[in-house]
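Trainee: Before we start, here is the structure in question, set down as structure tokens.
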């Protein structure tokens, strides 16, 4: 795909001045020149044009906010002075896999005052004797060359650093919020307590009901006993009267 078409595709209906990152890797440049990029990409901070067969940076637009520029695996052999003119705030530049052969070509990067990291891996210049010391002497503003500083300490991965920062923030949030599940357990305990209270109330209601039932039954039994006693007394009275009447009846019969 041609570079101009690729740019239109990557925009995704955005205006050029709204874009901060643009990746054009593996598309085809026009005769080794940049095409489709212009000064309207003024908010661009990251631009990648790896393996697009570039031979020249002459048509690179002014990108004053650009911080990172990926130009690996192209055919660039010189003309690096344009970078300081149009991208003065570059901090990272990757020129690995290009046709850079000597220190004179790299000297043009001295005017990139904010440059901290430079990659020249797989360029012929890396075959020079004392290559690393020479580059650090020439470009004293840089900290990392081909991923390592002068003491061979590896450059940190900015994305990993951001992830670690996010993890630390998350840990702090968790610490402030308390151990996970703590509040849930408290809620469960509260719920359990309320359930227990309800159970005790139900049990008390049940006991009081049973006690009332027993008392009522006892009252009924007492009433029954009293009624039975009255009936027995009435029966005894009737029998007594009968016994009294019998002698009288006998006396009457004798008189007869």
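Using the three backbone atoms N, Cα and C, a Cβ is placed for every residue, glycine included.
Owing to the predicted nature of the structure, the values given are computational and were not obtained by experimental measurement.
Not my notes, these are from Swiss-Prot:
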type     : residues : note
COMPBIAS : 148-205  : compositional bias 'Acidic residues'
COMPBIAS : 215-235  : compositional bias 'Acidic residues'
DOMAIN   : 123-161  : domain 'LRRCT'
REGION   : 147-256  : region 'Disordered'
REGION   : 204-256  : region 'ZID domain'
REPEAT   : 43-64    : repeat 'LRR 1'
REPEAT   : 65-87    : repeat 'LRR 2'
Trainee: Could you give the number of helix, strand and coil residues in the domain 'LRRCT' (123-161) as assigned by DSSP?
Mentor: 16 helix, 4 strand, 19 coil
Trainee: Helix, strand, coil: count each for the residues of the repeat 'LRR 1' (43-64), based on DSSP.
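Mentor: Taking the repeat 'LRR 1' (43-64) as a whole: 0 helix, 3 strand, 19 coil.
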Trainee: Check the region 'ZID domain' (204-256) for me and report the mean pLDDT.
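Mentor: The average pLDDT of the model in the region 'ZID domain' (204-256) works out to 50.
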